[in-house]
Every structure is written in structure tokens, then in C-alpha cells.
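Asker: When I checked TrEMBL for this same protein, it listed these features:
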DOMAIN    5-40  domain 'FAD-dependent oxidoreductase 2 FAD-binding'
DOMAIN    432-511  domain 'Glucose-methanol-choline oxidoreductase C-terminal'
Amino acid sequence: MKDYDYIVIGSGFGGSVAALRLAEKGYKVAVIEQGKRYRSKDFPKTNWNFRKYFWIPKIGFYGIQALTLLKDVFILHGTGVGGGSLVYANNLIVPPDEAFDNPVWGGPGWKEKLTPFYEKAKIMLGVTKSEVITHADKLLRECAEDAGVGDTFHVNDVGVYFGEPGVTVSDPYFDGQGPDRTGCILCGGCMVGCRHGAKNTLDMNYLFLAEKLGVDIIPETRVVDVQPNDSENYILITKKVTGIVKRKMVYHAGGVVFSGGVMGTVKLLHRCKSKGSLPNISQQLGNFVRTNSEAIQGVVAKGKDVDYSKGIAITSGIYPDKNTHIETCRYGKGQGAMSLLATLLVDKHDYVPRPILWLWNIIRHPLVFLRSMNPIGVSEKSTYVLVMQTISNYMRFDYKRRWWRLGKRSMNSNCDTDQKVPAYIPVANEYTRRLAEKIDGDPAASITEIFLNTSTTAHIMGGCVMADSPENGVIDHKGQIFGYKNLYVADGSIVPANLGVNPSLTITAMAEYILDQVPEKI
């Protein structure tokens with residue numbers, strides 16, 4: 001049994017903050033991560049290399065992109081040492097004021113409370129304005145101008161090193177204490193894993209500095225149970241994820257920070273509660289899960305002599321209304337595997353199911369359908385449209401026995417709420433079609449949205465929200481789980497409301513806020 005003062009479960013934006021800040025306060029820290037550890041050249045050259053890109057450990061796929069389909073939502077999330085930063089689109093944006101208006105924050109003043117921690121996070125993540133404007137960005141601006149909202153066009157803040165392209169230099173961020181970095185070559189491969197050392201992933205900042213302070217990072221290992229012992233400490237039971245033999249290990253810690261993201265933290269806490277290991281966890285666990293009120297769509301150009309793959313993953317955005325943020329996205333050349341999840345765009349009708357409308361669309365436009373089935377050069381011809389909203393809607397993640405799992409418990413979504421998560425967002429379809437006209441392309445939507453009536457999100461949040469009591473939330477305003485000493489949550493599951501922008505910076509800032517309140521080791 002290995003002993004630590006704190007064990008951090010997960011190494012994403014929250015877990016990386018926890019690792020560094022706890023080590024700075026004098027604690028002996030370990031980070032347990034279910035995904036693999038990657039060097040820049042370990043990432044696949046293309047996401048058509050399914051085994052190296054997708055995370056499906058049961059069949060030996062150990063990549064950075066996980067996909068989870070639940071009853072009401074299709075979720076894209078990251079895995080690996082560095083968590084979602086390995087696969088995210090670099091955007092680090094402070095949400096608009098509307099994101100903080102939701103009463104589920106537990107009171108006013110949260111934006112002001114988080115402001116110093118946003119600034120701290122920006123420094124650590126190397127935030128800068130995108131130095132590139134692509135043709136797709138210019139077309140997005142034209143769409144905004146046509147709709148009378150051209151003044152909302154903006155270049156996004158990103159976490160990318162824009163040095164001399166392809167040239168490696170000594171650490172430009174942390175007075176030489178960080179790793180060498182290489183200037184971005186604008187290959188567009190950010191969401192398949194940066195192979196060039198230009199992306200400010202967490203292993204380049206928080207985790208790198210944490211390891212220099214002695215933090216142990218334990219990859220390819222999943223925590224399956226957390227149990228209090230008689231001395232007010234905790235026993236963590238783990239299982240090896242990779243390999244043939246799934247060896248179990250036991251760790252001992254004075255405190256635990258749950259930072260596995262919504263799909264890791266909420267599921268693990270549900271399991272611990274149902275098994276009786278942590279029975280006092282609030283009944284609010286799994287409530288107020290958010291999708292960022294998101295839609296992921298796209299446009300595929302009809303012409304062959306186009307290339308929308310150059311640049312970084314996301315560079316700009318617009319606000320068609322105060323609650324909606326739209327960005328254009330890209331994958332690099334030859335990285336079109338995610339197009340397998342797309343099909344023809346159709347609207348929702350009150351009386352006709354969308355699959356029927358989709359079929360009618362094929363009958364009316366057979367050539368469009370045939371073009372959509374052609375994977376050759378699809379990443380060069382594609383511009384993805386990411387729509388996010390601050391509008392309040394949510395679901396619950398419960399943990400029940402399922403007949404199809406022979407009575408075993410599993411986590412699934414439940415959209416039986418008074419503010420249901422939408423599987424159809426009209427403004428998303430409108431602007432995808434506007435962009436298609438500019439590009440001379442075919443608009444596309446997620447297969448799961450059309451056929452299963454489920455929303456699609458790359459930014460799942462909530463499920464462990466803050467509150468003043470366990471009757472209203474899972475953690476207190478210090479990030480500590482009600483009913484337990486030195487058990488914290490610091491990841492996307494504590495974000496209580498739809499942010500309407502990419503949430504990575506907010507998750508980092510909220511983790512900084514929580515870790516700032518942990519006392520130094522005596």
C-alpha cells in the first residue's frame with residue numbers, strides 16, 4: 001500500500017491544478033489517470049487510426065478521444081495524462097455575464113469572485129489571441145454581418161505557442177522552468193493531438209511543474225472505490241486499465257480530489273454511494289448535468305480545390321444573440337474520421353419524425369447524400385460549426401440496475417426535468433445553412449441528433465454542484481463534499497450552469513479557487 005497526503009483522481013483541467021497547488025503547499029501528492037501518457041510524437045497522424053485515436057479500452061483502443069452515448073446525450077470527452085487538454089480545441093474564454101445569472105450558482109458575485117483565478121489560469125495556460133484568421137472565419141463574419149450582428153465577431157483567446165513556425169525554443173512561459181516549445185505550424189491537427197509541441201496542453205504547464213515538485217503521476221489506472229478508514233483517511237482501490245492482466249492496487253491518502261470530469265467523477269461517486277463506501281454523499285449527486293446547450297454541425301464544400309484544414313482548431317466566434325455563441329472548427333488534413341458521425345441536416349417538425357424528414361431529403365437530393373458518404377478529402381472540405389448557449393437546460397445522471405446489463409448498475413441520463421436539454425437548436429441550423437451558402441457546401445448534423453433525438457456535446461458539465469447544504473448540492477463553497485473531511489471535487493462536474501463558451505478556462509479557474517482554500521501542510 002502506497003501512502004500520500006492527497007491523491008488526485010484525473011489529470012484534466014481540474015486535476016492538474018490540484019496536483020500543482022497541493023504540491024506547492026507541501027503535500028505529498030499522486031495523480032491517478034486512467035488514460036495513457038503521451039509524448040508529442042505518440043499522437044496519431046490521423047484519426048482514421050482508430051486504435052491510437054479513440055478510447056475504447058475493452059477492445060484495445062487507447063487513444064485520447066472518448067465517445068459515450070447515453071439515452072439523452074452523445075458525449076465527446078478526452079482521456080490521457082492531461083485529460084481533455086490533449087483533444088480540446090485550445091479555446092480559453094471567459095463566459096459572458098449571462099452565464100452567471102443562473103440562480104443555481106448559489107448567489108450573485110461569482111464572476112467577480114472568480115476573476116483573479118481566471119487571470120491566474122490565463123497565465124498558467126499561456127492564453128493569447130489567435131494569430132490566424134482563416135477563410136472560414138471570414139465567411140462566419142460575413143454570416144454575422146448579413147444578420148446584422150457583424151460587430152459581435154471576435155478573435156478567440158487560445159492556448160497555443162505562436163513562435164516561429166516549426167522552431168523549438170527554451171520554455172517561453174515559466175522563466176525556463178517549463179519544457180521546450182515549438183512554434184505552431186497551423187496544421188489544424190489540434191483535436192487529434194498536437195505532434196509539434198505548440199499546444200499548451202496540461203502536461204506542458206501544470207503537470208510538468210507539479211512533477212518537478214515531486215508529484216507522482218500514475219497512468220493507465222482507474223480508481224474503482226474510495227473507502228474511509230478508521231483514522232479519518234481514505235483507501236483507494238484501483239485497477240489497471242491496459243494490458244491483459246487487470247492488476248489491482250491499493251493506495252492510502254489523507255485526502256482525495258475527484259477530478260475525473262463528469263464522466264469519471266459522477267460515475268465514481270455514484271458507485272461509492274451505492275456500494276456503501278461513501279453513503280453520506282448528497283442525493284443531489286448527478287443533478288443539474290449540462291451540455292452547454294450545444295449543437296455540433298458542419299458544412300462540406302462541394303468543390304475539390306478547397307482546403308479548410310489549415311489553421312488551429314478554433315480561431316473566432318460570433319454572437320447571433322446574447323445567449324448563443326457560434327464558432328467554426330477544423331481538423332487537419334487527412335483527419336476526417338469524425339465525419340462518420342455526421343449526416344444530412346434536417347429541421348424538426350411538430351408532426352413528422354426527423355428520420356422521415358431525413359429520408360425525404362435523400363429522395364429529393366440523392367446527389368447530396370452520395371457526396372456526404374464520400375470520405376475522401378473530407379477534412380479539407382469540411383468546416384465544423386460549434387453552437388453553445390447560456391440558456392438554462394439540464395438533465396440528471398442516475399446510477400441504477402439495468403435489465404440489459406443483467407441487473408448490474410450503470411450510469412445513464414434522465415431528461416425528465418422542467419428544462420429539458422434540446423436535441424434541436426433552430427439558430428444552429430440557421431447559421432449552418434448560412435455558412436453552407438457562403439462555402440457552396442452541404443450542411444450536416446450529428447447522426448445521433450437526427451435518429452435518436454439526443455443532443456451532442458463536447459462540453460459535458462455539472463452533476464456535483466456547489467450549495468450551502470447537502471439538500472441543494474454535493475459540495476460546499478470550498479469544493480469539499482458534504483459529510484466528508486478532505487474529499488474535494490475540482491473538475492467540470494462542479495460547473496453549475498451552461499456557459500455558452502468553451503468551458504476549459506472556467507474549470508481551471510474554479511479549481512484554482514477551490515485549491516486556494518486548502519490550507520498549507522503544517
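First residue shown is number 1, and so on along the chain.
Every residue, even glycine, has its Cβ placed from backbone N, Cα and C.
A TrEMBL annotation is a machine prediction, not a hand-curated record.
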Asker: Let me spell it out: take the domain 'FAD-dependent oxidoreductase 2 FAD-binding' (5-40), skip the flanking residues so only those 6+ beyond its ends count, and list any with a Cβ under 8 Å from a Cβ in it.
Answerer: 55, 62, 64, 78-86, 121, 193-197, 202-203, 205-207, 209-210, 213-223, 234, 236, 238, 241-242, 251, 253-261, 264-265, 268, 486, 488, 490-492, 494, 504, 507-508, 510-512, 514-516, 518-521
Asker: Count up the helix, strand and coil residues in the domain 'Glucose-methanol-choline oxidoreductase C-terminal' (432-511) according to DSSP, in that order.
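Answerer: Secondary-structure breakdown of the domain 'Glucose-methanol-choline oxidoreductase C-terminal' (432-511): 25 helix, 18 strand, 37 coil.
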Asker: Residue counts in helix (H, G, I), strand (E, B) and coil for the domain 'FAD-dependent oxidoreductase 2 FAD-binding' (5-40), per DSSP?
Answerer: 13 helix, 9 strand, 14 coil
